[in-house]
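*Asks:* TrEMBL lists 88, 121, 122, 123, 145, 155, 185, 206, 230, 231, 232, 251, 252, 253 with the feature substrate binding site. Residues annotated as domain 'Quinolinate phosphoribosyl transferase N-terminal' in TrEMBL: 13-98. Per TrEMBL, domain 'Quinolinate phosphoribosyl transferase C-terminal' is recorded for 100-265.
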């Protein structure tokens, strides 16, 4: 948050400093322009805190709440300068996180009723992984590993460099004195059977046809490694993938390609220092920024 405000030079906002008199009081709302799922509800208050503690933020929603178009999410009262200078930073975070949460919810809904988890990935915006994953969780997804130290995940390049699936697993097992969970990515039924024989906690089925997934689920049996399907799985295809019997489906698109959620910050007419003004009878803003 601090880096984002510094990037925008919010404390050196010449437009706001020159156009808005010091001491002017502001009353604003953050309003949705679409239906969806909200995430990042702590953001507006944190932006205002870092800009000077001169704005009181009232949150009308919580992370994971479903909202309708036109709904008021936050009310801001205090320094007009602070509200305006922090507007874009707050909205950037809210729009990204709520876009991710809304996309995550769509995937979670698509597999409703099936014994499967939808997982996020490390395909997140640089520096924003914690927030991206929090947003995915708010939408109903489960978090996969946070970083490279969280678990072992042998992918195709590890396997190529190590000399094959079995060799890669054996090398990891030799070093894995702490019992860290191990997952191996496979691209064929033959590789999957090799991983089953070698023994790991998870097997990732990457870009496999549905029939191959079903076959591997059958050969895995009721006891064995958990199976994760991955590889450009669309919203339209995710239920069919889940119905193969895999334990999880990972979807990178939720964090790397979710569209920004449509939000606006709307402010009532300004209140010069020392004067008091009131919002309309409905409490809604009169004009946009």
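Note that the numbers count up from 1, one per residue, in the order the chain is shown.
Heads up, the Cβ atoms here are built off N, Cα and C, so glycines get one too.
All annotation found in TrEMBL is predicted automatically rather than curated by experts.
Help me see these features in their spatial surroundings.
*Replies:* Sequence-distant neighbours of residue 122 (substrate binding site) (same chain, 6+ residues apart, CB-CB distance under 8 A): 129, 144, 145, 147.
For the domain 'Quinolinate phosphoribosyl transferase N-terminal' (13-98), DSSP puts the residue distribution at 34 helix, 25 strand, 27 coil.
Looking just at the domain 'Quinolinate phosphoribosyl transferase C-terminal' (100-265), the mean pLDDT is 97.
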*Asks:* Could you give the maximum C-alpha to C-alpha distance in Å for the residues 88, 121, 122, 123, 145, 155, 185, 206, 230, 231, 232, 251, 252, 253 that bind substrate per the record?
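*Replies:* Between the most distant Cα atoms of the substrate site, 40 Å.
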*Asks:* Show which residues of the chain containing residue 185 (substrate binding site), separated from it by at least 6 in sequence, have their CB under 8 Å from its CB.
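*Replies:* Listed in sequence order: 153, 154, 155, 156, 159, 204, 206, 230.
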*Asks:* Under 8 Å between C-beta atoms and at least six apart in sequence, can you list the same-chain neighbours of residue 252 (substrate binding site), or say none if there are none?
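*Replies:* Once residues fewer than 6 apart are set aside, residue 252 (substrate binding site) is near 120, 121, 123.
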*Asks:* Write out the long-range same-chain contacts of residue 232 (substrate binding site), meaning residues 6 or more apart in sequence whose Cβ is under 8 Å from its Cβ.
*Replies:* 207, 253
